[in-house]
């Protein structure tokens, strides 16, 4: 995304000293959006007005309905246009705002003292660096510092306004009311190998119950390796045939970056033929994201960074060799002591990343993301606009996998609404709740069968698990058409269970699942294990990268936006999981059932069957 010229910033800073609050405009100001600060954040003093923010203005898109129509057609396996994905230019043309929208917003900014503006390629986003006190006048609001319970601090507001005549031309402006942090859905249950074995006994594994099968020979419950996954999900023996046409990416936030020496150690031990992957994967820095992929610095060691990034690259390389791998590191961690001479890097990470991605002419066929937050931490306008950006990525033929989360229905002692009423309620996760991404849950155990992921020690009532597979129904996004045959059936099957605590008409997630407990991995030269849906998600992405490889080798298009195909045909290539519960919110939670359920989706991959159902050859 292009930045504003330095002259623009100078003009804005000069203007803010002389303009009244709010800025005089062609029509009166009216509140555009209000959003409460989440319970985990404490309001502090007014934000420093001299601090610069990276303001992103999302203009009303021109023909989003047209883009979604294209997306539905090219993603429906029974449609004549299935697989005819759009180019970057075609997507830009569809979402480009009307000239009136651009003119009205430009006039408003210019009259406020902001000079010439630059847009992204589709012209549906404007980005500018401005001091907070100028933004307060521009949006008729007040920013305060808010401190999260983990100690991080951001500058945000709980409401902002626009001149009335612009309400229909601007969808969203951030950072304003969004408290989204993009927390990792793993690296929370990290163990060195010497600490794992004691806990294995306390968890509900089927240890000692395995028969003399191939799986029992290669799957160790205390440290699960690529050979186990290859055997369990039946990718073993598959040789990539179209790597030159294929690629897989994964995202990193919060200063995470994959460490090449650790990846090399992992592959030398568990996938020796794939060692070159440690040297060959590409890395991109977005919005100041880090690129130091060598040994960890003392500061990085102290912060414990890169667990998530290491897990992602090692899980992907361990299953999808020789598919080219791309790593995206996006800046956005709010600093504890912001430097007033530079722009504070606390912008919304998904928004920055996906807008950057859509401007690239060539992007990976599959991208894995293991980060998320409660849906209610972001305003509906932000969630809806980011979700539309994900739809645009899908229209270009890329599958987006997101982890469903590791707190079941919403965590322990955390499940209260963010509307000022503090009502007890299940908390869905975002972006997993977006219908244009494929949400991945987690399982554990191998034989006699897999079950829903659940890890950690219970408290006295048995429902205070530290981690369980993310589960739920969106409060923001309605149930998509492709879920109509399975989600209502599940809701009906549980009757009045937890009635009023979730939205039965919302988009249900996850869509599918994979192993998520005790993945072997290396960090800082030491082998250990790591668990969560951030483990199951890159694993699943790597398996589907092989499905795409088989399709490309057969002259077929890649899967692209996966969900319509998955719910119509692809579910037949998954092993149904029937054991477990969602847990979270201090209750046992939704039960895992035959068919789709909001804990494991349709189940776990069977690679040869998925290839066959997609029209390829193994």
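Note that Cβ sites are derived from N, Cα and C of the backbone, with glycine treated the same way.
Taken straight from TrEMBL:
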- 308: active site, charge relay system (ACT_SITE)
- 312: active site, charge relay system (ACT_SITE)
- 534: active site, charge relay system (ACT_SITE)
- 576, 577, 595, 597: Ca(2+) binding site (BINDING)
- 223-617: domain 'Peptidase S53' (DOMAIN)
- 1-20: signal peptide (SIGNAL)
Rank aside, I only need the closest one: which of the recorded positions 534, 576, 595, 597 has its C-alpha nearest to that of residue 308 (active site, charge relay system)? 534
Recorded positions listed as 308, 312, 576, 597, least Cβ neighbours within 10 Å: 576
Of all the recorded positions given, namely 312, 576, 597, which is spatially nearest to residue 534 (active site, charge relay system) at the Cα level? 312
Among the recorded positions 534, 577, 595, which residue has the fewest other Cβ atoms within 10 Å of its own Cβ? 595
Mean pLDDT across the domain 'Peptidase S53' (223-617), rounded to an integer, is what? 91
Specify all same-chain residues, apart from the site residues 576, 577, 595, 597, whose Cβ lies within 8 angstroms of the center of the Cβ atoms of the Ca(2+) site, ordered by sequence. 578, 592, 593, 594, 596, 600, 601, 602, 603
Quick one: Cα separation, residue 312 (active site, charge relay system) versus residue 577 (Ca(2+) binding site), in Å? 24
